[in-house]
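Visitor: Take a look at this one; I'll ask things after.
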Amino acid sequence: MAAVTPMMEQYLRIKAQYEDAFLFFRLGDFYELFYEDAKKAAKELEITLTARGKGDDRIPMCGVPYHSSDQYISQLIEKGYKVAICEQTEDPAQAKGVVKREVVQIITPGTVMEGYALQEKENNYLLSVTPFEGNEFGLAGADMTTGELMVTTLADFEELINEMAGYRPREVIVPSTFSEEKQQLLERRLHVTLSFEDHTEPVEEAAALVDGLSDGKIKETCYQLIRYLKQTTKRSLDHLRPAVFYLPQEYMSMDVHSKRNLELVETLREKKKQGSLLWVLDRTETAMGGRMLKQWIERPLLNRQTVEKRHELVGALIDRFFEREALQEQLQGVYDLERLSGRVAFGNVNGRDLIQLKKSLEKVPDIFETVKSLESSFGNSLMEGVGDCQELRRLLEESIEEDCPVSITEGGLIKDGYSEQLDDYRNAMRNGKAWIAALEKQEKEITGIRSLKVGFNKVFGYYIEVTKPNLPQLPEGRYERKQTLTNAERFITEELKEKEALILEAEEKSEKLEYELFMKIREQVKAFIRPLQQLANVISAFDVLQSFAEVAERNRYVKPELKAEGEVDIRDGRHPVVEKMIDEGDYVSNDILLKDDRELLLITGPNMAGKSTYMRQLALISIMAQTGSYVPASEAVLPVFDQIFTRIGAADDLAHGQSTFMVEMLETKHAVSKSTRNSLILLDEIGRGTSTYDGMSLAQAIIEYIHDEIGAKTLFSTHYHELTSLENKLDRLKNVHVSAKEEDGSVVFLHKVIDGAADRSYGIYVAELAELPDKLISRAKAILKEFEQEQSDLKEHKNRVAEESIQSGQERTSFFGNEEAGPQQLSLFPEEAEAQEASRQLNKSQEKVLSQLSSANLLHITPIEAIQLLDKLQRNLNN
Ligand SMILES: Nc1ncnc2c1ncn2[C@@H]1O[C@H](COP(=O)(O)OP(=O)(O)OP(=O)(O)O)[C@@H](O)[C@H]1O
Ligand SMILES: [Mg+2]
């Protein structure tokens, strides 16, 4: 490379330290990017790529104006990149040689503090992972914008990923020694930016944050996170709250797939909030409440007492309409206290933020009053020990100007009367200005020029202006000429200049003083960060609970009764989201009873009947109940489920390199290996992804395993009607089906779940609904008829064979046990079933021969008898 200029040398030196970030290099009013950074940024930001220098020495370059840099930075952060901000750290006018520059902050997806990369009602988590001995991992999570800091340990990598997914992190920190394969898995499964930090030694100023943790290893995980935060933000971390240790087992556990499948906070395909459970439940008034609601939904509780407390306050809020309405109105006036405190600590708070803080605090006493009036013991206990921060409100009220500007350096921030010194400067300014205003009047009178005026501009300061036609009227030598315009002359006087100097000096001093005062006030506010965070916490909880109450009333939900015995008894249950998506009143409610001899339900029914909906309904109702919400039913008795497993829908993981069937089996493995008697398992058409024979066998084995080994409450939907015969074999399994009826040649889905197995499939009808070509449909109907005919012939033939074999005294062994007793499979294209039937016939005769052969006792048999046996077996085979 040719020799570079000293400034480029400086650039390259700094850039070398920030390889994985875009280096925003401050040059006057611009941030410039060079080389590869420039090429990539020009593409990502759609800005022009230019060049610096000439000929062979040309360096690719692009730049963004300093004043609008926020939007560009946000764009890069949103795309998962990091941006290192490199500022000029000395005044260019004073600099000898190249101006000193330094990276003052690295903005990353997990540490961003402002801009549209942040969503109001969403947390922005940065996670840190350290591998422990064995297979264990330490996990720490922080939201820099709210100051939360949470830590836990996980038993293995799968659990780690599941737990991490619950945070929906943007960025994850690992040590550089973290295995390559696991790094890739984290990136692929969580879609995160990976960052590295190898130091886990204690950070003195953060010791208080980890004091409460007993385990040394987990402290290291925290320090890894804190060190990274210090490195990147290069600011105070005062608003980080002391680390809270929790065990994932304190919450209902759901793996990543289950959460996605159940569409708890976003829809599966479009990743939208609309259509998710969160969307139905969110009537929160504040951003903080919105974030807390999302956290609650992601982590339903296991502690029955705590859940019941939430229900109690929701109940009180439902009963007291006026109080609820008042509370909602009061909450509407509360800004984002958590993020405001974060900005205070971070040092980027402005006057308007402090006004928001003040306005929020004004609402607090009213909110407390309203909650007190509910006479809810839980409501009262939430407020216990939480201050209302009115001292802070008073400080802000006395000090900060109501309509202050965004800038904190140009004055207009501090109220009159707050500082005597400032008042003096302001008086000087005002007196000077009053004097000038009086001057205009006085000079008009003296000169008789009615259009004479006193004005001000930044270059010339104050002046007296007289229009050209009036100039002859002006007494010679009265003013000093300063500037000539096309149709006017501007003048000054000695006295005017003196006053001007006074005014400008006072202005400058007052601006400086205001800035200093503002900084002091900010420091005072900093002392309130902890109380503010506590306050934010209870206000968020009130908000979520009023949201539950509002939603419950609007949608006619009821309070669920949680019982330790483990039974599920839901009357007229509804799917909270589906009922919102269809016309009001069209949703067909259903009971769900799971207890004693019906802990596993095998659900059959036509396509589109509502099997999947019924299953999800139970999961969602349970999750709602355990977050403290009321539920869509007329009555609901529920256990506290420790875990929910779902294998629902075709959430293909093709992007992650796994086939549909493999994903299905992995999820099923997860369900059968982790679930307990207190879990809920939902398996939707397991085995569908492979051949009928394989699929059915697996499905049956899975059901039997859950029934015999686990005893978890289970809903299992299937199109394999053979499986319905399991009811005879398994004590605690019952068949139910979703009903449909045929009317004038078309099918009516009743969506009603009733006991017993389904009798028909209606698959072709659904294809008809989907408007496949008429020709295709009628052909399918014809084929089906043929198959049905063949099948009944086959059955007849089989019955004959069976009768004959019964007559000949031979016992039957069947793959599916008592299959004659159960209904047959009603698949749309049953060629596979047919082949299977045939192969089963073959198997049976072979099996019989084999069993006779193996039971023959050769030690007590004569050669003649052996020949006879052989002959018999051969004849049996040929039969
Ligand atoms: N209880 C109900 N009341 C009203 N509409 C319902 C009800 N249950 C389901 N539906 C409607 O029927 C549609 C299909 O339901 P669902 O997907 O649960 O059927 P399915 O039996 O699982 O079908 P498939 O066998 O094809 O998977 C739903 O999208 C919903 O619009
Ligand atoms: Mg389905």
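A Cβ is built for glycine as well, from the same backbone N, Cα and C atoms used for every other residue.
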Visitor: With TrEMBL as the source, identify the stretch among 181-208, 349-376, 489-516 annotated coiled coil.
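Guide: Coiled coil, as annotated by TrEMBL, spans 489-516.
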Visitor: Among MET608, GLY610, LYS611, please name the binding-site residues whose Cβ is nearer than 6 Å to ligand 2.
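Guide: List returned for ligand 2: LYS611.
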Visitor: Do you know which of the binding-site residues PRO606, ASN607, LYS611 end up with C-beta under 6 Å from ligand 1?
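Guide: By the Cβ criterion, which requires under 6 Å to ligand 1, the hits are ASN607, LYS611.
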Visitor: In the same chain, which residues outside the set GLY605, PRO606, ASN607, MET608, ALA609, GLY610, LYS611, SER612 have their CB within 8 A of the centroid of the CB atoms that define the ATP site?
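Guide: Surrounding the site, in chain order, are THR613, VAL738, ALA740, PHE749.
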Visitor: With DSSP as the yardstick, break the domain 'DNA mismatch repair proteins mutS family' (679-695) down into helix, strand and coil residue counts.
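Guide: Grouping H, G, I as helix and E, B as strand yields 4 helix, 5 strand, 8 coil.
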